[in-house]
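Working notes for the structure below.
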Amino acid sequence: MGACLGVCSVLSCMSCLCGTAPCLLCGCCPSTKNSTVTRLVFTFFLLLGTLVACIMIIPGVEDGLKQIPWFCDTSTTLHGSVNCDVVVGYKAVYRMCFAMAGFFFLFALIMICVKSSKDPRAYIQNGFWFFKFLILIGITVGAFFIPNEPFTSVWFYFGVVGGFLFILVQLILLIDFAHSWSQSWLEKAEEGNTKCWYAALLICTGLLYAASIAAVVVLYIFYTKSNDCTENKVFISLNLIFCIIVSVVSILPKIQDAQPHSGLLQASVITLYTFFITWSAMASVPNKNCNPSLLAVVSNTTTGQVVQWWDAPSIVGLVIFILCTLFISIRSSNNTQVNKLMQTEENPAMLGGGESSPEDGVHRAYDNEEEGVSYSYTFFHFCLLLASLYIMMTLTHWYKPDANYQAMTSAWSAVWVKIASSWMGLLLYLWTLVAPIILKNREFN
């Protein structure tokens with residue numbers, strides 16, 4: 001919260017934040033679309049909130065939070081005494097992410113059915129940044145006064161559902177990225193330097209599959225036992241089989257005829273991400289014998305154990321989260337089906353509408369949405385809402401306090417959510433391959 005207030009004091013000196021998106025560009029920045037600047041600023045709010053949430057689980061900051069009587073009271077609870085050494089960081093992350101989710105939910109409601117920048121609500125979307133920041137600060141401060149129950153238990157399940165949905169959003173973006181990557185390199189190969197581009201495709205595909213094979217070996221070595229961990233063996237084996245199937249399907253003659261740009265590069269990207277999700281699921285298995293990366297939890301403060309909030313799957317997940325949120329902000333897919341699914345359908349505004357030339361050499365954002373919005377405002381805020389819930393679950397490792405708030409425990413529900421999302425991702429990718437064959441009367445670009 002201190003970090004938020006510190007940033008607020010800096011931003012308050014910038015009178016430009018009371019204006020619209022064009023005012024946000026400095027002279028050293030190139031002119032760009034109003035819609036892109038707006039999405040980047042909202043994404044900045046999300047990343048700033050994420051940074052504050054990360055700061056709140058640093059041991060020194062946690063010690064300071066434990067000194068606040070109303071935030072973690074060890075005496076007044078329905079479950080008896082509360083172990084603040086365990087839950088204070090967990091509570092701080094939940095309330096910070098609740099504030100971000102509430103902020104984006106509010107704007108998702110306000111921006112329903114905005115069709116162009118001529119709608120008065122578009123001015124709210126593209127401007128008044130200082131006041132938006134104050135709203136976010138206000139919601140954050142209020143969230144820290146929310147009582148433990150039933151908020152903690154209920155919000156955990158909101159986080160599970162939201163985290164699952166955002167993993168699917170990540171998978172959609174990844175599939176789109178993989179197809180765009182392969183198509184771009186194949187087109188360059190057809191234009192010239194054929195051997196170089198095909199060699200690059202081959203090398204990248206080989207490296208991605210090599211990383212996937214290494215991941216499978218590591219998962220079998222560290223997350224299975226010869227006489228135990230049956231669930232882990234089943235999950236790893238099933239995902240290995242499914243990845244082999246989609247890889248084979250991607251190079252079938254009928255698929256190649258329908259989609260000449262389809263190939264193993266896309267399949268290798270999806271395969272590697274699938275095993276990342278599998279790794280993350282294995283890291284949530286509550287059985288310590290089958291999960292060597294299970295974080296230390298505190299059941300008694302006299303044991304000398306400490307809560308560890310950072311592990312390798314969470315760090316990698318955080319990096320992927322940052323890349324995906326930035327991609328949502330600046331993306332411009334050349335796949336019409338993805339545009340329809342992500343609510344960024346092409347319209348005249350996206351085809352170059354608006355005045356883009358700087359006036360008097362001043363670089364600024366120009367309005368490209370007078371004829372129609374280039375993205376769904378409501379759906380964009382909904383994606384950021386899901387991102388807030390996903391980062392909340394990532395930073396807390398999908399853990400929840402036990403019944404008496406004495407320890408953080410891992411739940412099988414987190415494992416099943418991640419495994420189910422990996423299967424959904426593979427199914428989505430498989431559908432992108434077979435859809436042109438099944439639905440012959442529809443055009444798939």
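Cβ from N, Cα, C; glycine included.
If you look up TrEMBL, you'll see 40-61 (among others) marked as transmembrane segment.
Feature annotation from TrEMBL assigns transmembrane segment to 92-114 (among others).
Residues or ranges marked as transmembrane segment in TrEMBL: 126-148 (among others).
Per TrEMBL, transmembrane segment is recorded for 154-175 (among others).
Here the transmembrane segment (196-222) has long-range neighbours at 182, 185-186, 188-189, 232-233, 236, 240, 243, 263-265, 268-269, 271-272, 275-276, 278-279, 282, 292-293, meaning same-chain residues at least 6 beyond its ends whose C-beta is under 8 angstroms from one of its own. Residues or ranges marked as transmembrane segment by TrEMBL: 196-222 (among others).
Sequence-distant neighbours of the transmembrane segment (234-252) (same chain, 6+ residues past either end, Cβ-Cβ under 8 Å): 212, 216, 219-220, 223-224, 262-264, 266-268, 270-271, 274-275, 278, 281-282, 415, 419, 422-423, 426, 429-430, 433-434. Feature annotation from TrEMBL assigns transmembrane segment to 234-252 (among others).
Annotation source TrEMBL lists transmembrane segment at 264-285 (among others).
Annotated transmembrane segment per TrEMBL: 312-330 (among others), in sequence order.
Packing against the transmembrane segment (379-399) from elsewhere in the chain are residues 39, 42-43, 46, 49-50, 53-54, 57, 90, 93-94, 97-98, 100-101, 104-105, 107-108, 111, 158-163, 165-167, 169, 283-284, 295, 297, 309, 311, 314, 317-318, 321, 324-325, 328, 342-343, 408-411, 414, 417: each is 6 or more residues past its ends and has a CB under 8 Å from a CB in it. Summarising the annotation, TrEMBL assigns transmembrane segment to 379-399 (among others).
With a cut-off of 8 Å between Cβ atoms, the residues of this chain six or more beyond the transmembrane segment (419-439) that come close are 164, 167-168, 171-172, 174-175, 179, 235, 239, 242-243, 245-246, 249-250, 254-255, 258-259, 262, 266-267, 270, 273-274, 277-278, 281, 337. If you look up TrEMBL, you'll see 419-439 (among others) marked as transmembrane segment.
Of the candidate ranges 40-61, 92-114, 154-175, 264-285, 40-61 has the most C-beta pairs within less than 8 angstroms of the transmembrane segment (312-330).
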